[in-house]
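For reference, the structure is listed below as structure tokens.
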There are 2 protein chains.
Amino acid sequence: MAQRACPVGLLATDYYDNIHTFIDEASEDGHDFVASPLAHPSFRRFIEGTEEIDAMNSWRDSPVFQRKDLIVKSPKYSDLLVGVLAAWYRFDSPDHELQLNSELALKQELAWASHLGLLSVMLPVLPEKNVTNMARVLNNTMASISYTQLWIKVPVTSKEGGESPWKLWNRIRTLTEHSTKIHVALELTKDLPDDDELDRWLAEPVKALIVPHDVFVANPKQYPVLPKPHQDFVKIVMDKLRPNILVTLPEVPSFQNASPVTYHEYIRFLNRNLPELDAVDSFAAGYRDYLQAPLQPLMDNLDNSTYETFERDPIKYQQYEEAVYRALLDRDPDATKKTVVMVVGAGRGPLVDCCLRASERSKRDIHLYALEKNPNAFVTLQNKKEEEWQDKVELIFADMRTWKPSHQTDILVSELLGSFGDNELSPECLDGAQKFLKDDGISIPAAYTAYCAPLSSTKLHNEVASYKDLEHFETPYVVMFQQVCALADSKPLWTFDHPNPVFPCTPEGNPVNNLHNTRYQQVTFDVAKPMTMHGLAGYFESVLYKDVMISIHPDTHSPGMFSWFPIFFPLQSPVQVPAGAQVVVDFWRLSDKKKIWYEWAVVVKNKNDQQDLSITAIHNPQGRSYWVGL
Amino acid sequence: MAQRACPVGLLATDYYDNIHTFIDEASEDGHDFVASPLAHPSFRRFIEGTEEIDAMNSWRDSPVFQRKDLIVKSPKYSDLLVGVLAAWYRFDSPDHELQLNSELALKQELAWASHLGLLSVMLPVLPEKNVTNMARVLNNTMASISYTQLWIKVPVTSKEGGESPWKLWNRIRTLTEHSTKIHVALELTKDLPDDDELDRWLAEPVKALIVPHDVFVANPKQYPVLPKPHQDFVKIVMDKLRPNILVTLPEVPSFQNASPVTYHEYIRFLNRNLPELDAVDSFAAGYRDYLQAPLQPLMDNLDNSTYETFERDPIKYQQYEEAVYRALLDRDPDATKKTVVMVVGAGRGPLVDCCLRASERSKRDIHLYALEKNPNAFVTLQNKKEEEWQDKVELIFADMRTWKPSHQTDILVSELLGSFGDNELSPECLDGAQKFLKDDGISIPAAYTAYCAPLSSTKLHNEVASYKDLEHFETPYVVMFQQVCALADSKPLWTFDHPNPVFPCTPEGNPVNNLHNTRYQQVTFDVAKPMTMHGLAGYFESVLYKDVMISIHPDTHSPGMFSWFPIFFPLQSPVQVPAGAQVVVDFWRLSDKKKIWYEWAVVVKNKNDQQDLSITAIHNPQGRSYWVGL
Ligand SMILES: C[S@@+](CC[C@H](N)C(=O)[O-])C[C@H]1O[C@@H](n2cnc3c(N)ncnc32)[C@H](O)[C@@H]1O
Ligand SMILES: C[S@@+](CC[C@H](N)C(=O)[O-])C[C@H]1O[C@@H](n2cnc3c(N)ncnc32)[C@H](O)[C@@H]1O
């Protein structure tokens, strides 16, 4: 739980002459921190140029604060303080002087905040339409400030007739190249927009959530609480983004039992009562939005710790056991035969255990082989045989693609799946192994399908961008999604079926080449709300046997299974997807004699007239940045 | 003329069993080269998979040509030959086998062409709708071929109900990251689209122009000629892009006097009769689309050769002389006074000569000073004084920003302009110099305005991209535009007026800081035809005195003036601009104590609903990549 605790602070609604008293009182009432203006309203005269001309000129030439223009005059309490910047900036003014004064004053305030050592400052107003000059000023100013971070206050709903705040934020973010120093302080309003619009914020760098007092309502006992839709959204944001939370207090108590303490206490109550983490979430806690290079289990040998991690999955082995169980019943309905079962890629043996349990439960006799090519895992297999399995299992140390079997099997069991299904070369390995399988034999899995969906995530984009090279933008990552939002539901790309009877073989039964394992698919997504697309989410769904499935696809995810996180294919340059546009994704699985790789490209089209709005490059041509070795 | 000569070749319309005879005859008829299919139609059986299964499989595993499937069987004549690839590729087929065979066969053909040492091959058909897979195949295949270039045949008009060929080409180009190995072979059709649509091709890498025989009409003497619109377009393309030209011949002569010779002779006739190059064009011949870093005449000292080049301009000095002449008349209507004239930044002295001529012509007495800070140019000034001017001119070796004048001038003459007007720091220099000017004195120039327009140019984009770094995409270039097409007419950004009475000064009369020379402007362009935008064109227009102007702005360009080429501000990632969209450009001129720089950003919006279609980063924040030193 503690890891989901959000600090709760008090946002000043006035300019306090004695900021220290304000902070003391706020702390005594139990707030973790406060947010207060740094400068006094008198500072406004410089921004608006109403100061007398000589003073104005000398300020413009070298801006310095006069003590009387400051509310926060010293670094005392600076660890408890978020500085709120002046509210009178007019970066969008047609008056160049006003623009320029705003820029000079903002620099001055930020320099002061940085001198005080403030961790964060908040810009309290967005321009109504034109944010470009503001984006430029923020970008340039923040570049020279090393420590302090900026939050921009953005309301969740637009003013009557005003621009969508998300659209303004989206421009700022894109114009500043997704600056990692500029974040969102999302302000709740009495009315909330629909869920789609709220969900978009989950893909944004929301560092603070502002809950103004007028959003609270009274509960039957006359304490301040949030309406249900606000509660729900606050909880989701707490769970996914762990923001700082800022409440404001009314000047006069709104409800009978409302006191300065009750607002933050209610927020903390919500925070304590987030839904329990399920098995997957607890497992994933440390991995959220953390990019991992996908495994190369064929070229490399997996570590002991990797085996240990995925062997803890409570669901995967259950499903495999069930699949083998059903296959054994079908294969030997009268329990008269001895069914040959071969686990290929046995690792440290858990699928061998599944087969033994299935045999026991089905009361069907089996002859069990376990094949593995990793010499280290093979030692563990030998230990298990010595200590546990003994005669029940025969071990084979070999690569399934080249091993020459002495006889054939009824059931071939394997788990060579990656997050995208085929990305750990299951198709290539099983093509080699299917020569062990009798003509009417069963492969478990019988099939797997790759899925993809367009995805928005400032966080993931910035993680990839931090490497500052093209290569990392042409590499997929295994990642537990957290601060993301899909632009549309995912769609299937391609399927691999096993056994596969249709490719040309050598006399030994091996595929002559790998052409039959190449794939190409174009899928089109309709997008309802404007979004920035940063990449593609990838998933798989696999039929183990008949209706026994495993899936990491959001709609069909096997509950509690945590062996696989989704896969993320980034886009080099994020693309804008306006409302009602279509995202056309082209995806390829390609191969030469030594490797397989993926390429992907995106075209954003206007749905009505089919005009092209954005076209990306084809990513990873010839596997130049990323490939999986055969 | 010779530099605009385009080779004219013959495009085969059939599969010739004896290619050598065909080439011999074409050469004898006077063609410079031929284009012929490399493979025989029999090769089609592999692409379509109609070959018998074993042969098919063995071909797919390692494609090799059988002699009978080839028309071009040996490298003989390969220097005269453009290879035409097979016409049966179906990269867009829903049938994966057909796609795959197409890819294998294309690789095979290209490998053969490369082995033959062909300079170019041509792909004769575009898919009807989906070019993405074709783009991927071409991109991957061309990457492994070092020498041979690819032309894609693209007709200027779409088939009834088909996609716009430009749109298909635009996708291919963008998907392949503007590959420098993939070009256009533009095919004329009987009907031509409107000029806007034709003009777009001038920004594309058109390496060949195909003029099929059925586009020709008979002239009164029954010789083949082109209709007027075709003539005009062919001439423009010849002038700007210098493509290879390919004609085809009818099977039976179409007109009484048409012979195999008459088609290419007519094309050569057009080529010989391109409009004469004007002074600017002749001067610019070697500079077309060549990127030059803008001068830094303040920080650096110009070379003698640079002065020599711009002093050859026939117009600039004429206009300056006229401006000084008019100012002298206005200043001293009755010819009773002695007018003080000061040339600041006199260089090697041509503006001094202008002043002397103006004085003579106007019969007005002047007292002439010439100030220059470049020590090397100052030697030339001394030579001129010694040998020519003698007492007529007083020389001052100084920086105009810091020199303390003993008395003031009536007319201040300078030429410190860059292609964007203020980009060579004329505003900053003249701010310093205006203290020499009497209160009612005249500055020549009196004003200058920067203009910009959104621009498409594959060529310029590729030139910048070839540096493979961000820095070069955030730098403007001075460049004589050639293979470019503007998306809309240019618009003014900002103006500098001289003298400028409004900035705060030190007691010595120098500006306290440079804030008054910062500028910010947002301009919006309406775009009619879909295009890819690669950057911004920049121009200036300057009022020297009253209605005496100099301009490099396309609409008002001073005829024959060649001292300035336009300036090009690139975009890091080209953006798609659909028909009817708006391009919003934000441009800044910014300054700190040591330098000035520009920043620029582009938002493409849907005009109707104002949705954002593309947003670029703000380029060159804080002048990180490009700046001009004060
Ligand atoms: C994802 S692990 C699964 C291990 C175990 N079956 C389980 O489910 O816990 C895949 C295993 O297949 C093995 N493997 C991969 N390719 C193989 C090949 N070509 N021949 C034999 N083993 C292979 C790897 O070494 C690894 O131990
Ligand atoms: C573009 S050249 C023009 C030269 C000459 N007037 C002509 O039109 O041929 C500009 C000249 O101004 C000089 N210059 C630039 N800044 C100057 C400054 N601050 N003080 C004095 N001279 C300067 C340069 O050295 C250069 O010779």
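Cβ atoms here come from the backbone N, Cα and C positions, even for glycine.
Any TrEMBL annotation is an automated prediction that lacks curation.
The annotation domain 'PRMT5 TIM barrel' is assigned in TrEMBL to A:31-271.
The annotation domain 'PRMT5 arginine-N-methyltransferase' is assigned in TrEMBL to A:281-444.
A:Tyr307 (S-adenosyl-L-methionine binding site) carries a helical DSSP state (H, G or I). Summarising the environment of A:Tyr307 (S-adenosyl-L-methionine binding site), the number of other Cβ atoms within 10 Å of its Cβ, over all protein chains shown, is 18. Annotated S-adenosyl-L-methionine binding site per TrEMBL: A:Tyr307, A:Lys316, A:Tyr317, A:Glu372, A:Asp399, A:Met400, in sequence order.
Cβ neighbours of A:Phe310 (site 'Critical for specifying symmetric addition of methyl groups') (same chain, under 8 Å, six or more residues apart in sequence): A:Lys316, A:Ser563. If you look up TrEMBL, you'll see A:Phe310 marked as site 'Critical for specifying symmetric addition of methyl groups'.
Among the features that TrEMBL reports, active site, proton donor/acceptor is placed at A:Glu415 (among others). Residue environment of A:Glu415 (active site, proton donor/acceptor) contains 24 other Cβ atoms, counted within 10 Å of its Cβ in all protein chains.
Here TrEMBL flags A:Glu424 (among others) as active site, proton donor/acceptor. Classification of A:Glu424 (active site, proton donor/acceptor) by DSSP places it within a helix.
Per-residue pLDDT, averaged across the domain 'PRMT5 oligomerisation' (A:448-628), gives 96. Annotation source TrEMBL lists domain 'PRMT5 oligomerisation' at A:448-628.
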Do any residues at least six apart in sequence from A:Glu372 (S-adenosyl-L-methionine binding site), in the same chain, have a Cβ closer than 8 Å to its Cβ, and if so which, in order?
-> A:Gly345, A:Ala346, A:Gly347, A:Phe378, A:Leu381, A:Leu395, A:Ile396, A:Phe397
Same-chain residues at least 6 apart in sequence with Cβ under 8 Å of the Cβ of A:Asp399 (S-adenosyl-L-methionine binding site), in sequence order, are A:Lys373, A:Gly432
In Å, how long is the longest CA to CA span across A:Tyr307, A:Lys316, A:Tyr317, A:Glu372, A:Asp399, A:Met400, which the record gives as the S-adenosyl-L-methionine binders?
-> 24
Between the C-alpha atoms of A:Tyr317 (S-adenosyl-L-methionine binding site) and A:Glu415 (active site, proton donor/acceptor), the distance in angstrom, to the nearest integer, is 10
Which state, by DSSP, holds A:Glu372 (S-adenosyl-L-methionine binding site): helix, strand or coil?
-> strand
For A:Glu424 (active site, proton donor/acceptor), the nonlocal same-chain Cβ neighbours (under 8 Å, six or more residues apart) come out as A:Pro294, A:Leu295, A:Gln296, A:Pro297, A:Leu298, A:Leu416, A:Leu417, A:Gly418, A:Val628
When you measure from each Cβ to the nearest atom of ligand 1, which of the recorded positions A:Lys316, A:Tyr317, A:Glu372, A:Met400, A:Glu415 fall under 6 angstroms?
-> A:Glu372, A:Met400, A:Glu415
Within 10 Å of the Cβ of A:Met400 (S-adenosyl-L-methionine binding site), how many other Cβ atoms can be counted across all chains shown?
-> 25
Rounded to the nearest Å, what's the C-alpha distance separating A:Glu415 (active site, proton donor/acceptor) and A:Met400 (S-adenosyl-L-methionine binding site)? Just drop the number here, would you?
-> 13
Within 10 Å of the Cβ of A:Lys316 (S-adenosyl-L-methionine binding site), how many other Cβ atoms can be counted across all chains shown?
-> 24
Neighbour count (Cβ, 10 Å) for A:Tyr317 (S-adenosyl-L-methionine binding site) = 20
